[in-house]
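Visitor: Dumping what Swiss-Prot says about this protein:
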type    : residues                                                                                               : note
BINDING : Ser9, Phe10, His17, Gly89, Leu90, Arg91, Glu99, Leu123, Leu124, His125, Val126, Ser127, Ser128, Ser129 : ATP binding site
BINDING : Ser9, Lys41, Ile74, Lys88                                                                              : substrate binding site
SITE    : His17                                                                                                  : site 'Transition state stabilizer'
Amino acid sequence: MRRAICPGSFDPLHLGHCAVIRRATLLFDEVVVAVSTNPNKTHRFSEAQRIELVREVFADDPAVVVEPLESGLIADYAERRGAVALVKGLRNGADYDYELPMATMNRSLTGVETVFLPGEPSLLHVSSSLVMEVAALGGDVTSFVPPEVLRALEDE
């Protein structure tokens with residue numbers, strides 16, 4: 001089985017994330033969506049809430065497994081999970097410049113490859129932080145997040 005890890009905080013999960021995850025399932029037998037918690041960030045949703053939301057959105061796809069990202073190096077986590085690759089979505093050159101050194105380091109540590117998937121053109125402007133900002137200011141984020149996430153945002 002060819003397994004890939006798609007790591008991220010997914011706070012909140014948006015349609016750009018969903019597109020990358022769905023496309024990754026076309027390349028790999030299993031995609032582990034590893035939900036991380038950054039201690040240096042304030043998260044809108046708890047780790048448990050984010051995991052549940054991702055599970056709800058991908059409930060119809062048996063190739064998607066959702067779990068918390070263990071602390072430590074992502075390269076070590078990928079090795080423990082038997083993953084052949086990490087999958088990262090890229091919206092622009094700045095994302096590439098940010099991700100490339102990490103991809104190179106991960107490969108040098110354990111040999112895990114990183115597969116970069118370009119973002120969907122219609123979603124290149126979407127980020128979790130922008131979704132949160134627009135939602136906090138009362139804007140309509142319907143076209144940026146899955147219905148499950150929209151409901152969770154409205155319930156907050």
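In case you wondered, yes, glycine gets a Cβ from its N, Cα and C as well.
I'm curious about the neighbourhood of these features; can you describe it?
Guide: In the three-state DSSP assignment, the secondary structure recorded for Leu90 (ATP binding site) is strand.
The Cβ of Lys41 (substrate binding site) lies under 8 Å from the Cβ of Ser9, Asp11, each of these being in the same chain and 6 or more residues away along the sequence.
DSSP classifies His17 (ATP binding site) as helix under the three-state reduction. Same-chain residues at least 6 positions away in sequence with a Cβ under 8 Å from that of His17 (ATP binding site) are, in sequence order, Gly8, Phe10, Gly89.
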